[in-house]
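Worksheet: one structure, shown below.
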Amino acid sequence: MDSGDSPNSVESNNTTTEETGTFTVDDALEAIGFGVFQWKISLITGLAWVADAMEMMILSILGPELHCDWSLPSYQVALITSVVFIGMGFGSPVWGNVSDKYGRKVGLTVCMCWTLYYGILSAFAPIYGWLLVLRGFVGFGIGGAPQSVTLYSEFLPVKARGICIVLIGAFWAIGAVFEVLLALWVMPTLGWRWLLGLSALPMAVFVCFCFWLPESPRFDVLAGRREKAMATLVRIAKDNGKAMPQGTLTIYKQTNRGQLKDLFSPQYWKTTLLLWFLWFANAFSYYGIVLLTTELFQAGDLCAATQGAKIEPRCSLECKYLSSDDYKDLLWTTLAEFPGLLVILLAIDYMGRKKSLALCFFMFSLCILPLFACIGRIALTIFIFICRAFISGGYQVVFVYTPEVYPTETRALAMGTSSAIARIGALITPFVAQVLLRRSVYVTLGVYCACGLVAGIASLLLPIETLGRGLQESSLDQEVEHPASAPSSQSYGTTQP
């Protein structure tokens, strides 16, 4: 957009392009609809989620095993988890910037290849120090996994977007469940090294198929590559058996993409700050309940632990392997991911994104409260199940909301920076769920309960509701829209018909 352009001139440009028979990527995707192509890309991007979930779920299994095998004190066990999140914190904005500058496909493919390489290497780590370094590199690569949602969302028509992104979360749940089943089979006989190596298999499958992935036509439009965008849209139309809109594809060429300052422009700064906190709270709470599951199951006499308000620290040489009962209970709580998805599927397109997110956080805090009482193992499993269902549902909502609220020019960077902030929460939570828990069960549970309450309030304070809102190509779209009006077609600053 030239410096002399005004919002009025943007609107007039858009009117002119409509009269001369042009169409936007949104127009094309709405005309083509959801079909065979979207099902294919759902399966491939879903593989990235399966791989991501397995690398995350392994953290709650690896800790108790290495505590015994290498006689590690609790802070070193917690560090194995935290170093992965440190890597993710550094990697997420890097991969987001790469995806905004060089393309979604490039960023996602490179980060998955990186993760696969270091994931396999970590299975051969000879000592604790090497394991930390290699798992840190794995974390750096996993930091790019959210770009699969960025890529996926940019191929979806408006009506299907919310439900489809939530359903992609089913692949995360499948990956988490598969990791527990794999551990139940591998750990008693082959050990943790085989578990690390076999857990990389879904990522290897993704890497084999990722070259089929097309680049996002929205990114190509912003990069000025009309021919590539058109070729992709024609490919989608052919797969879906639909006709392309008549006319010429409108191009909005922008070279200054993926700049951090754009996230703090007047129309986005409040959204950015609130979203960063919500991503932090989601990761802190989600990984906290995952780690608390194995810790509380291993505590043995739960009534004595809660009445005494602490779980006694064990000597660094004293350890307890996860039993088959522990794995089965871990499997039951992991299955909570599926009811969480169901709740969000029912709520997200009826209540809206903001209220759905608030519901998840408030219900998470409510279900933490019974854990303060002396409850048996069955009741503990049930309440952890419900907690995990709602907090995993909340995670799916922010994955829907974030790519919807930001324009194409900063969408990948917004996902990357939000994911990086989430990793700070994930980095801190092992020291609460695994270290502070040994000092006081009550304080630990209180921290998670308070976090959920504050996050629920923050969800309601988000300034933009994205239900039924088209994906914005540029921040200019936000400027020309009336705040109270429902978005219909998108406007462009400088068009090249």
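Every residue gets a Cβ built from N, Cα and C, even glycine.
Per TrEMBL, domain 'Major facilitator superfamily (MFS) profile' is recorded for 41-467. Confidence annotation: the domain 'Major facilitator superfamily (MFS) profile' (41-467) carries a mean pLDDT of 83 in the model.
Residues annotated as transmembrane segment in TrEMBL: 75-95 (among others). Long-range contacts of the transmembrane segment (75-95) within its own chain (CB-CB distance under 8 A, at least 6 residues past either end) are made by residues 55, 59, 62-64, 66-67, 107-108, 110-111, 128, 131-132, 135-144, 146-147, 283, 287, 291, 413, 416-420, 422-424, 426-428, 430-431, 434-435.
Counting residues 6+ beyond its ends, the transmembrane segment (107-131) has Cβ neighbours under 8 Å at 48, 51, 55, 66, 70, 72, 76, 80, 91, 95-96, 98-99, 137-138, 140-145, 147-148, 151, 193-194, 196-197, 199-200, 203-204, 206-207, 210-211, 213, 412 in the same chain. TrEMBL lists 107-131 (among others) with the feature transmembrane segment.
Residues or ranges marked as transmembrane segment by TrEMBL: 137-156 (among others). When Cβ-Cβ distances below 8 Å are used as the criterion, the transmembrane segment (137-156) is approached by residues 29, 34, 37-38, 41-42, 45, 48-49, 51-52, 55-56, 83-92, 94-96, 98-99, 104-105, 107-108, 110-112, 114-116, 118-119, 122, 164-165, 168, 213, 216-219, 236, 399, 403-404, 408, 411-412, 415-416, 418-420, 423, 471 of the same chain, each at least six residues removed from its ends.
Taken from TrEMBL, the feature transmembrane segment applies to 163-186 (among others). Using a Cβ-Cβ cut-off under 8 Å and counting only residues 6 or more beyond its ends in the same chain, the transmembrane segment (163-186) has close neighbours at 34, 38, 42, 45-47, 49-54, 56-58, 61, 148-149, 152-153, 156, 194-195, 198-199, 202, 324, 327-328, 330-331, 334-335, 337-338, 340-341, 344-345, 348-349, 392, 395-397, 399-400, 403.
The annotation transmembrane segment is assigned in TrEMBL to 192-213 (among others).
Annotation source TrEMBL lists transmembrane segment at 273-292 (among others).
Residues 57, 60-61, 162-163, 166-167, 169-170, 172-173, 176-177, 180-181, 184, 293-294, 297, 322, 355-356, 359-360, 381, 384-393, 396-397, 400, 467 of the same chain, all 6+ positions outside the transmembrane segment (330-348), place their C-beta atoms under 8 angstroms from a C-beta of that stretch. The transmembrane segment annotation in TrEMBL covers 330-348 (among others).
Taken from TrEMBL, the feature transmembrane segment applies to 360-391 (among others).
The transmembrane segment annotation in TrEMBL covers 411-433 (among others).
According to TrEMBL, the transmembrane segment annotation covers 445-464 (among others).
Taken from TrEMBL, the feature region 'Disordered' covers 475-497.
Residues annotated as compositional bias 'Polar residues' in TrEMBL: 486-497.
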